[in-house]
Amino acid sequence: MIKLILSLIFLIICCNINPSESFKLITLTTGPTSDLGFNNMVNQGRIGVSKAMNIEDSRIFIVSGRNETYALLLPLIQNDDIDLVICSSQDHGDACKEIAAMYIDSPTIKTQFLVRGSGAATKNLIQITYNYASVNYISGMFAGLQTVKNKIGFLSPGSAANNNDSFVYAFWIGAKQVNPDVKFYYYNIGSYLDQDKTIAATQDLINIYGCDVIADTLDDFSAGNVAIQNNQYAMGTNGFPQRDVYGENVIFSYAYNWTKYFLPIAGSVANGTVPGKWYADFNKEDNYNFYDLSFGFKVSQNTKDLLIQKSRVLATTPRAGHPYYCNEYIEQYTKKYNLPTQAANSSCISTAGFFYINQPVGDMIYLGSYNIRLSKIEFSSSVQKGFSIVSGCLIAFVILMMVGIVYYKDTPSIRSASPIFLNFSLIGGIIIYIGIIIWVGPISTHQCNARFWLVTLGFSTLIGSLVVKNFRIWLIFDNPELKAIKITNYQLFPWVGLCLVINIVLMAILTSVGDLKAIEAQGIDSLGKYEYMTVCKMNSAGASTLYSILAYFAALLLVGVFVSWKIRIVDIEEFNESKAIANTLYAVSFCLFVIVPLMISPQEKQSETIILCVAGLFITTAALLIVFIPKFWRVFIYGKEGTNEMFKQKKSSSVATARAESLSKNSSNGGAHSGGGAVKTNRRGNIVSGDFTDDSESSLSEPNKPTKNNDGNVNVTAGAVLAEFTDDTISEFDENEVNEEPVKTESQE
């Protein structure tokens, strides 16, 4: 009789729904309707109502939280003459209730609000609640029967999402009653919809705890997807008919049928009646049965029959008498936590007490609120090994060159280039290579500072030594007054030291005020949401200091350019390094031409490191090869004789030089008396003969045998100055010439 009456009421309500194009419906969800979960089923209910009532103005909005909901909804209520607002989530409840209270007695705004909950209904506020503890209990029974390992995992929103663990407990007690040996592990996610946490937590339940059955009360199917990816059967326990999508990969699912409740509620609003409060659960009347169960083909018939029979018992039993309200575990729990029990039966928890279950019951294993562990992304080990091996090989090669410098230090090619400064340059290259090895190594605050120190000091040593030793060549050769110049290595060391001191001071400032340190950075490069990378970072003061260091290096290079330009006229290969320095600068410029645009454009940290290290290797190696290969080549070709006959002669003294000049003068006079043309004595420079503007290589004669050029000019050699340049001390006078009288020069005559 009751069944007949309820059916008639439902038919009367549905038949009295007048299709109306003017009825306006708004539905609020907290997530996309494509979530294959709760929001999708709410949308299915909206579509069912819209079709049944021919509603043309049926809108759906994704919104969450009180403030967002209020800001979205209030203008619509005020301006659009909305008939019904379905606030599907408890997230919407506060805002919907506030707006409903604002217009409860409004003569113009007649909007009805459907909210989740079991509170009091008003003239424009409808309450609906559904009991998913009952369907969780049925799902738990299925999981307990299905598990092979007797290990079940579960994910819940938890108290952080205003959700207690009573429904987790309902699932557990269902599994426990059919399988007393089951172990039950569960996480609280902190939200109904957090795919990242859901995926990670599910993976942990499978990999760490060995669960072979996973269930949840979340809005989407992320947990089920992870289970399927791990070759396990999934359970659809979020209200969406997952088996319709995933087929036999989902062995059990239940679906919410919101149309069965939204339709009569919308019909009541359209007819002007106040629906009041609604309660959804298993129901013996199919028109009001909220849950639709679906089983896989591999589920035994006995299991199906047991669960269907149990769901019918729940449908005909008052909620207070359900098994999850009354059992030996909950009786102990109520005593332990002093929760209210039912007046008629103290071994059963009351409805109010049920919603305060937030601690594990019985042997439930609570794993805590899940937080995703950040994954550290390391620098590519293959790149690290590659740069380290290449740098190590180059260090070995440079050490061999240093040995070669020491071994061939007495050859003109090496001696004329100052062996000690050549080795300084090579040491600078080694320091740079070591800096590159550290640059690609594991990042720490010490590493961040060390790599800048090493690379800058190495560069200062390499370039500074080249510039200083070539500066000496310039001073000696650019000497029109024919003065004997004494410039020893000890006089040049302070200048190299000055280059290093400037570098050290700037780096000390960078270290002290730049706050250069290693930090754990997220959201950079292509890192995932829960990935991080350790990078070096400095503040703006440090960046300014770094620019100053780069400016200092630029100035050092410009000085090198100037010096190389000044010694370009020295036509003895051993002394003239202008081409080598120029080629080195070309290599540096080429790298800068490529690097600067790349560094200005957005780069991933690993790509940036690779570019910088490749550039460092190329610049350093190119500079060393350009400067040193020609020297060793001349050693190989010419040996101890050098490229110029001057190196084959006995070292001369300054007196010998004066004698050569006098002889040159006499030869010039003799040539004039014999009728020859006037012969000019070229006195520019005191090592090489000929005009410095002449790019052709000059021929050197013996000290006491001046020679003539094709144009009749008499060349003057000055082996004494060569001796002074190639020795660390001033050149000695020949013993046989010490007591000789000075030769008169032209001015003395």
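Here the Cβ of each residue, glycine as well, is placed from N, Cα and C on the backbone.
Note on ASN271, ASN576: Swiss-Prot annotates N-linked glycosylation site at ASN271; no matching annotation appears for the rest, which is not proof of its absence. Within the list ASN345, ASN423, the entry that Swiss-Prot describes as N-linked glycosylation site is ASN345. In Swiss-Prot, the annotation N-linked glycosylation site falls on ASN67, out of ASN67, ASN715.
When the topology recorded in Swiss-Prot is consulted, GLY321 and THR609 turn out to share a side of the membrane. Packing against the transmembrane segment (386-406) from elsewhere in the chain are residues 414, 419, 422-423, 426-427, 429-430, 433-434, 436-437, 439-441, 613, 617, 620-621, 624, 628, 632: each is 6 or more residues past its ends and has a CB under 8 Å from a CB in it. With pairs at least 6 apart in sequence, the transmembrane segment (610-630) and the transmembrane segment (420-440) have 3 or more Cβ pairs within the 8 Å limit; the two touch. Within the chain, the transmembrane segment (493-513) has long-range Cβ neighbours (under 8 A, six or more residues past its boundaries) at 421, 424, 449, 452-453, 456-457, 460-461, 463-465, 467-468, 471, 538-539, 541-542, 545-546, 548-549, 552, 556. Neighbour list (ASN257 (N-linked glycosylation site), Cβ cut-off 8 Å, at least 6 residues apart, same chain): MET41, GLY45, ASN289, PHE290, TYR291, ASP292.
Residues 196, 200, 372-377, 443-445, 447-449, 452, 604-606 of the same chain, all 6+ positions outside the topological domain 'Extracellular' (514-544), place their C-beta atoms under 8 angstroms from a C-beta of that stretch. Residue counts for the topological domain 'Extracellular' (441-456) under DSSP, split into helix (H, G, I), strand (E, B) and coil, are 12 helix, 0 strand, 4 coil.
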